[in-house]
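The block underneath contains the structure these notes are about, expressed in structure tokens.
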Amino acid sequence: MDCYRRYAAVILVMLSMVLHILHSLPDGDLIIQGCPECKLKENKYFSKLGAPIYQCMGCCFSRAYPTPARSKKTMLVPKNITSEATCCVAKSFTKATVMGNARVENHTDCHCSTCYYHKS
């Protein structure tokens, strides 16, 4: 009987340690570690004192869903899952002139939208 009490005590101590560790972690930091949300950030290269230039930077997440039967029939190599990536892009922007004559987009609002330009 004494043996069961020891096992129960060890299990309770280990459970409380695990719960303590989980409770002390910040919410969601393990999920998106090292990748901030999509938002405006100042571009240090183009910004000058009194006239900051902003760019949209950060992460957006892709989604996956079952491939519709109609689409599967037209695929050369049919796949069961279709994925759609989203990128952090400017929702609105203004044109700005920097470094004398270079025209750049100064982003004013960001959102996650369909990716049009993919890196190869």
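From the backbone N, Cα and C atoms, a Cβ is placed for every residue, glycine too.
These features come from Swiss-Prot:
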- CYS35-CYS59: disulfide bond (DISULFID)
- CYS38-CYS88: disulfide bond (DISULFID)
- CYS56-CYS110: disulfide bond (DISULFID)
- CYS60-CYS112: disulfide bond (DISULFID)
- CYS87-CYS115: disulfide bond (DISULFID)
- ASN80: N-linked glycosylation site (CARBOHYD)
- ASN106: N-linked glycosylation site (CARBOHYD)
- 1-24: signal peptide (SIGNAL)
- Note on the structure: By a 10 Å Cβ neighbour count, the lowest-scoring of the disulfide-bonded residues CYS35, CYS56, CYS112 is CYS35
- Residues near CYS110 (disulfide bond) in space but at least six apart in sequence (CB under 8 A): CYS38, LYS39, LEU40, CYS56, GLY58, CYS88, VAL89, ALA90, LYS91
- Which of these recorded positions is closest to CYS35 (disulfide bond) if you go by CA atoms: CYS60, ASN80, ASN106? CYS60
- Given the recorded positions ASN80, ASN106, CYS112, CYS115, which lie within 10 A of CYS59 (disulfide bond) by CA-CA distance? CYS112
- Between CYS112 (disulfide bond) and ASN106 (N-linked glycosylation site), what is the CA-CA distance rounded to a whole number of Å? 17
- Taking Cα atoms as reference points, rank the recorded positions CYS60, ASN80, ASN106 by distance from CYS115 (disulfide bond) and give the first. CYS60
- Could you check the glycosylation sites ASN80, ASN106 and say which one's CB has the fewest neighbouring CB atoms inside 10 Å? ASN80
- Note on the structure: For CYS87 (disulfide bond), the close recorded positions (Cα within 10 Å) drawn from CYS60, ASN80, ASN106 turn out to be CYS60
- Message: Whole-number answer please: how many Å between the C-alpha atoms of ASN80 (N-linked glycosylation site) and ASN106 (N-linked glycosylation site)?
- Response: 41
- Cα-Cα distance linking CYS60 (disulfide bond) and ASN106 (N-linked glycosylation site), given in Å to the nearest integer: 20
